[in-house]
Amino acid sequence: MRVIVSGGGTGGHIYPAIALVHEIQRQEPDSAFMYIGTKNGLEKDIVEREHLPFHALDITGFRRKISIENVKTVMRFLKGVSKSKSLIHKFAPDVVIGTGGYVCGPVVYAAAKLHVPTVIHEQNSVPGLTNKFLSKYVDHVALSMEEADSYFTKGNTVLTGNPRASEILNGNGKIGIESVGLKTGKKTVLVFGGSRGARPINEAVIELLPTIATKDYQLIYITGEVHYEQVIAEVNAQGKPENISIQPFIHNMPDVLAGVDLVVSRAGATSLAEFTALALPSILIPSPYVTNNHQEKNARALEKHGAAKVITESELTGASLHKAIDDIMSNPVKRETMMKKAKEQGIPDAAHRLYQLIRSGENLK
Ligand SMILES: CC(=O)N[C@H]1[C@@H](OP(=O)(O)OP(=O)(O)OC[C@H]2O[C@@H](n3ccc(=O)[nH]c3=O)[C@H](O)[C@@H]2O)O[C@H](CO)[C@@H](O)[C@@H]1O
């Protein structure tokens, strides 16, 4: 199969695209791929590590308020459509797939206009602007969560789950823990603030750092690339406990997640698909800076089910985070129950479901 994938900006849109590529490679090893993203998002680095051909569009997202920037955005969109059409003509794909982020807008729109079969994947319970716009033109909208269905009106939705949930099951926990320089066989907590890191989470972790040295568990703490140097400077000023590993970003998340017992994170939809697939208990601090507060909705759904504990950003302090971590880490029965509840929410065969949807496309060659 010849496949163009596009998804960008943050890890939550990029990793599902890569997971789908891996599933197609497993099913049809002689497939050919092209990835279309932006230069400025995380995708360039992540996709090049996968040795996939990468093309960049110069594109920006719409502001919700009327502004002159939006006029420039329309111009970039039109240029993006024209460049996408030329890439599609050259590559001649059997299908074009968008996994969210504004870069998919021109790519998937151009494909639909050229009558190439198209699929978009929505990770969240509340869809982003780009996917809502594209849903009117594409053959299928693949959903990770049923709740998103009511936002799409064309009757072309299918629940597949998030393909990253399948990918994450291939990790090796021992390799993951060793890769960050910690001890295997010890209970481990992972803290991270989504794919870009989150300052409020970093501040809370720095506050609780001195107490970590006294714990019988260890901590992997991912700061986010842009925050790393500042965090390291602050940690060095107070002394880093030995049972903590601090990283700017982790590229082998399937291995690392396979080796941990509890995760503290934002409530991005792709991360949650990973935690539930792996039956991982979580403490979730939803980002309040996202469309329709969708991260809190994602997080509350898991909390209601007993799989997660939610701390809102306004409740977040070093002390509240410390208490929440200790509550779960000192209570194996609670951890066990949360694991069971998390697993009930997972869709571990999502990559295959999405692959089947793509293959079943009536007009797919
Ligand atoms: C601020 C914002 O707009 N966030 C959105 C973005 O979040 P974000 O990109 O943070 O998305 P998620 O938390 O859903 O996914 C992050 C992904 O990055 C990976 N990872 C993270 C850190 C790291 O060091 N290494 C690594 O590989 C995680 O394992 C996961 O696969 O996309 C999500 C999915 O559409 C949305 O739900 C979020 O609301």
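Numbering starts at 1 and runs along the chain as displayed.
Each Cβ is built from the backbone N, Cα and C atoms, and glycine gets one as well.
Note: TrEMBL annotation is automatic and uncurated.
TrEMBL lists 3-142 with the feature domain 'Glycosyltransferase family 28 N-terminal'.
Annotation note: N124 (UDP-N-acetyl-alpha-D-glucosamine binding site) sits in a coil segment as assigned by DSSP. Taken from TrEMBL, the feature UDP-N-acetyl-alpha-D-glucosamine binding site covers T10, G11, G12, N124, S195, I250, Q295.
Look at TrEMBL and you will find 188-354 tagged as domain 'Glycosyl transferase family 28 C-terminal'.
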Which of N124, S195, all binding-site residues, has a Cβ with the fewest other Cβ atoms inside 10 Å: S195
DSSP three-state assignment for Q295 (UDP-N-acetyl-alpha-D-glucosamine binding site): helix
Cβ neighbours of G12 (UDP-N-acetyl-alpha-D-glucosamine binding site) where a neighbour is any other Cβ within 10 Å: 26
